[in-house]
Amino acid sequence: MATLVIVESPTKARTIRNYLPNSYQVEASMGHVRDLPSGAKEVPEKYKDKPWKNLAINVENNFEPIYVIPKTKEKVVKELKTALKKADELILATDEDREGESISWHLLEILKPKVPVKRMVFHEITQEAIQKALDDCREIDRDLVHAQETRRILDRLYGYTLSPLLWKKIGGNLSAGRVQSVAVRLIVGRERERRAFQSGSYWDLEAQLEHEKSEFSAKLITLDGKKLATGADFDPDTGRITEGRDVKLLNETEATTLKERLIDRTWTVSDRNEKAIKRRPSPPFTTSTLQQEANRKIGMSARETMSIAQKLYEQGYITYMRTDSVHLSQEAIAASRACIEQKYGKKYLSPQPRQYSTKSKGAQEAHEAIRPAGNTFRTPKETGLADKQFKLYDLIWKRTVACQMAEARLTQIAVNINVEEAVFRASGKRIDFDGFFRAYVEGSDDPDAAIDSQEILLPPLQVGDKPNCQKLEALGHETQPPARFTEASLVKTLEKEGVGRPSTYASIINTIISREYIQKRGKALVPTFTAFAVTSLLEEHFPDLVDLGFTSQMEQTLDDIAVGKAKWLPYLETFYRGETGLETQVQVQEDEIDLDTAKTIRLENIEAKVRIGKFGPYIEYQNGEAESIKASIPKDVTPGDLDSEQIANIIRQKIEGPDKLGLFPGTGEPIYLLNGPYGPYVQLGQKTDDNPAPRVASLPKKQKIEDVTLDMAVRFLSLKKLGIHSEKKEAVYLREGPYGHYFQLGEKSETNKRPKIASLPEHIKPEEATLDIALNYLSLPRLLGEHPETGGKIKASIGFYGPYVVHEFKPEGSKKTQKDYRSLKKDIDNVLEIDFERAMELLAQPKRARGGRKKKPLRELGIHPEDKEPVNLYKGPHGDYIKHNETNVGIPEGETIESITLEAAVALLAEKATSKKTKSTTRKKSTTKKKTTTRKKKTK
DNA sequence: CAGTGAGCGAGCTTCCGCTTGACTT
């Protein structure tokens with residue numbers, strides 16, 4: 001009996017292999033294996049004449065979807081088919097949520113198994129859980145699959161009918177979607193609030209007081225029995241106190257006068273109030289909260305967080321990183337509690353194990369929360385991880401452990417101090433028991449927010465005490481506009497509203513950046529003019545679709561479909577067909593939407609029109625009667641920072657011609673400061689027939705246009721010519737591009753459209769660059785020789801990941817050239833000097849494991865007598881093992897990390913090598929077989 | 001890499017969610 005089990009991820013496959021008998025082969029589908037075609041190229045020939053070919057959904061026949069196997073998945077599908085041939089039973093063990101159920105169904109459709117099929121689901125990877133899951137297999141849930149298909153079809157209809165409308169009305173390459181359009185709308189909405197924001201100013205007093213030799217500060221809170229106005233009392237639309245608020249607003253003069261009057265008077269404590277408060281730890285991480293905290297605390301983007309988490313997951317350090325569940329398994333709770341007891345002591349344990357429940361909308365909870373893997377947690381130090389992997393693991397470890405720790409107990413202290421008609425307040429905070437604060441305190445999106453775990457100490461003030469006023473200051477404040485969204489706060493909002501899924505939060509941000517809807521400025525997400533235009537169009541003409549509640553309503557219906565309470569077809573019919581359906585609405589609105597209006601952005605307090613053109617946003621300005629002036633808006637200017645002054649500047653520059661910075665010393669040619677399609681640049685001389693390509697130089701990335709001086713411009717421009725290539729008689733330049741400095745051979749011309757370019761290596765400073773250096777790097781790739789066996793070329797050059805050598809060869813019978821790369825060893829090799837022998841030596845070495853830093857060994861045993869490579873001990877997800885080159889052997893029973901000797905290890909490695917050789921005839925069949933044999937040995 | 005916004009028109013762009021490798025100006 002052989003059984004094929006299919007799960008989503010290869011890591012999961014590897015793990016559950018250990019809990020299944022040897023007759024079970026576990027393979028991964030790598031997510032979805034079938035989908036709607038993404039574009040015209042993938043649509044099958046027979047549908048190409050259909051009016052709905054772009055949608056790939058037969059809207060004339062019950063929304064029948066046309067599924068294809070994407071190019072990238074063909075290999076996986078082929079492998080699964082081969083594996084199935086050898087099996088007499090198929091178990092589909094994908095996740096238990098909507099998408100997972102759908103993957104199983106698609107697998108069934110593609111594989112068309114002739115053997116019995118079972119659907120198995122499990123939530124924990126333990127022997128018992130998997131055994132139980134095997135016993136409780138069921139059928140595929142067709143309702144759940146329909147719910148997924150409905151979601152897929154709706155998203156396609158939404159995206160692929162609205163995007164073309166945007167192309168027609170605003171510009172190409174734009175997109176609309178159920179998720180991205182809402183995300184952009186949120187960001188645009190915030191920016192509109194910021195533009196409309198009216199700042200208000202208010203003053204207050206802050207006193208430095210002293211009592212029994214300790215100092216503390218107090219703030220003015222009431223005057224004549226009236227509460228003093230603070231930022232929260234202002235109306236953001238007017239910049240004045242919100243109507244109906246009975247507060248006292250101080251201006252600068254009043255505040256200063258009051259200050260001078262009060263400073264010498266007697267200050268008396270009039271009231272003291274203590275309040276006990278408790279703080280509970282935040283729930284364990286989900287994808288969303290992990291991304292938020294990594295962004296707040298380590299400054300990582302959502303994308304970076306996910307890629308590092310993926311590596312931690314693959315190496316067995318953490319559980320699955322795409323989850324919306326805060327559930328912790330029993331083993332995780334036990335492991336956390338063991339950690340706490342050992343590290344902090346019993347009194348830091350929460351009296352009862354704490355289990356959190358998921359609150360976000362539409363959560364599907366197919367996985368556990370993100371936590372350290374296993375049933376005992378390795379402390380961050382024990383992992384041997386480094387850098388960002390360490391930081392992220394540390395965050396996850398602390399957060400998980402904190403969940404099972406005791407509440408923190410605090411006392412808030414408020415002391416009122418009267419002086420004349422004024423009341424000041426000193427606020428303190430005392431931590432009576434730090435509890436989970438010991439391990440972890442959640443970050444905040446508000447940089448000014450007080451940190452929960454920080455004490456503010458006050459002297460023991462009692463009513464009647466008379467502290468001395470040492471200093472009294474009048475402080476002016478301005479109310480601040482609402483903060484822009486960051487990746488953290490956007491992900492938080494999207495999750496709260498149920499928009500997007502754990503697997504997509506990071507890519508949503510990437511999508512809206514690559515469509516140029518938003519720019520990142522530091523951590524802030526800033527919307528562009530395009531985002532304003534697109535959002536306005538969608539809000540005006542498709543308000544329901546960009547409503548924040550659209551997704552949660554959809555989710556509700558999908559849930560109903562999943563449990564059989566609703567039918568999928570009528571839902572799609574209503575969405576797409578009929579008078580109010582999307583199909584008709586897009587047609588109606590296409591006539592209705594005025595091209596000119598759609599491309600124009602209306603901004604308050606701005607006279608000129610901002611329009612979206614082919615080359616980006618530009619200003620259209622009516623100068624007098626007849627003349628209309630058009631001027632591009634610089635790339636990094638967004639609606640948020642466009643004011644009348646800036647517009648006036650842009651228009652002035654357009655009318656008067658480019659700003660002249662001064663004259664080039666020596667030649668006396670004028671130097672201009674201009675704004676081009678690739679950002680600001682300086683230009684020497686004017687473009688004329690004699691001088692068709694004047695010398696130009698970009699400003700360095702961080703250079704502000706306002707601060708450019710003549711001196712700087714001269715420097716930028718003279719960065720240029722290094723000399724003449726003696727053979728080719730062409731000039732060699734050093735230039736600065738968007739990715740740093742680079743060398744260029746010759747100039748761009750009709751005959752030479754792509755001059756040769758080589759980037760400046762990191763260790764050479766632009767000032768130090770000479771013609772010789774440039775020629776050396778421009779001559780790359782260097783041909784080092786031919787491979788004695790294949791006759792292929794051996795070359796050395798610099799690539800995206802640094803200097804490398806490559807062996808280019810054509811395997812026998814193949815037309816394709818294969819390239820085998822090795823990076824040069826830093827500090828040892830030099831790409832300009834490396835010779836053929838050394839290149840061959842590097843190519844003979846095995847490829848280094850990708851994915852960053854090597855794991856740190858538990859123990860170094862020594863050097864292998866034969867090839868002088870190290871033999872080390874490592875901790876793996878399934879136990880400790882010996883590693884030598886690419887060969888791994890488990891530590892045999894009876895031996896421990898400490899006891900094993902180099903000789904014993906070498907013997908074990910030799911044994912493994914011979915067992916490999918004897919099996920070499922069958923080796924190619926499957927890698928899983930090899931693993932099975934080693935495991936057998938271990939368990940004997 | 002470097003100065004634009006008309007209009008002609010073929011053929012293309014585009015969605016969300018699940019997953020990992022491949023990627024070397």
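Backbone N, Cα and C atoms are what each Cβ position is placed from, and that goes for glycine too.
Checking the ranges A:175-180, A:583-588, A:721-726 against TrEMBL, the region 'Interaction with DNA' annotation falls on A:175-180. Counting other Cβ atoms within 10 Å of each Cβ, the lowest count among the recorded positions A:Y160, A:Y320 belongs to A:Y160. The Cα atom of A:Y160 (site 'Interaction with DNA') lies nearest to that of A:W167, taking the recorded sites A:R151, A:W167, A:R515 as the candidates. Mapped onto three states, the DSSP output places A:Y320 (active site, O-(5'-phospho-DNA)-tyrosine intermediate) in coil. Cα distances from A:R151 (site 'Interaction with DNA') to the recorded positions A:W167, A:Y320, A:R322, A:R515 are smallest for A:R322.
Rounded to a whole number, the C-alpha distance linking A:H32 (site 'Interaction with DNA') with A:R152 (site 'Interaction with DNA') is 12 angstrom. When the recorded positions A:W167, A:Y320, A:R322, A:R515 are screened for a Cα within 10 A of the Cα of A:R152 (site 'Interaction with DNA'), none qualifies.
Following the DSSP three-state reduction, the secondary structure of A:H32 (site 'Interaction with DNA') is coil. Long-range C-beta contacts of A:W167 (site 'Interaction with DNA'), restricted to its own chain and to partners at least six residues apart, with a cutoff below 8 Å, comprise A:N173, A:L174. In this view, A:R151 (site 'Interaction with DNA') is surrounded by 21 other Cβ atoms within 10 Å of its Cβ, with every protein chain counted. A gap of 25 Å separates the Cα atoms of A:R515 (site 'Interaction with DNA') and A:R322 (site 'Interaction with DNA').
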